[in-house]
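This report concerns only the one structure given below.
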Amino acid sequence: MATTTLLFIAALMAASCCCSSAQSKSSFEDNFSIMWSEEHFKTSEDGQIWYLSLDKETGCGFQTKQSYRFGWFSMKLKLVGGDSAGVVTAYYMCSENGAGPTRDELDFEFLGNRSGQPYLIQTNVYKNGTGGREMRHMLWFDPTEDFHTYSILWNNHQILFFVDRVAVRVFKNNGETNNFFPNEKPMYLYSSIWNADEWATRGGLEKTDWKKAPFVSSYKDFNVEGCQWEDPYPECVSTTTKNWWDQYDAWHLSDSQKMDYAWVQRNLVIYDYCTDSERYPTLPVECSISPWD
């Protein structure tokens, strides 16, 4: 299923010129800074795998040193195994450090579970501090057994959330000035692990079992091909069609991506705010935009 999508992306990359965009460097120190609790951060001996841990005292988080506006952002994660109820591993992009009232944000949140129950993945989109655009999916594998790739493709036409190069969520722009599609503010990439047992597992019914701590999430193979922000305005923002992630073929789902996405919609969606008429008696404007166009 994912092979044709991978070939599609590889072909785009090979056919494009990326001279105006930034690509990630190899080491953690080149790309990231620890946000808090450095003693809860570790690396493998060769420095290629990074570990964040959570105990009853605190979690840990990191962020990129650079911000970007549009591009391809990818990381491999292995999530907390065993009984991880109440634990959230967040992997996201945000225009500022902290939940500011005017932030733009693109979220992957991995919601911990009781042993033997499936992990859920929650995505959300914020513009100018307003979110409420949650979707929740099951995964078709156990994300605690091995590393899997989680990616975001962001351009002025669409935002795609990928799991192992399979598009699990499509968030489209309507080409007009609006209050739902974040396309004006550069964002940093973050990841963190933290306790959210007031809501994360079965709506907060399942609490974190601190006897199982520390809870550890693992990371490797960060990759970014994006427009690195430079004040007052980077050249690549106005010339992004030179880059594969903002050429015509990246503005729409390919035929193979549509097949993958249709399969996800049929089998893995647990919650979609666009179908929640009790929460939104008048559905948000973006819910009427077709992901297939």
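Glycine too: its Cβ is placed from the backbone N, Cα and C atoms.
Some features that TrEMBL has for this protein:
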ACT_SITE  GLU105  active site, nucleophile
ACT_SITE  GLU109  active site, proton donor
DOMAIN    2-219  domain 'GH16'
CARBOHYD  ASN113  N-linked glycosylation site
SIGNAL    1-22  signal peptide
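Features per TrEMBL, on structure.
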| residue | record | Cβ neighbours (10 Å) |
| --- | --- | --- |
| GLU105 | active site, nucleophile | 22 |
| GLU109 | active site, proton donor | 19 |
| ASN113 | N-linked glycosylation site | 23 |
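You'll find the Cα of GLU105 (active site, nucleophile) roughly 25 Å from the Cα of the residue listed as 'N-linked glycosylation site'. Taken together, the residues of the domain 'GH16' (2-219) have an average pLDDT of 88.
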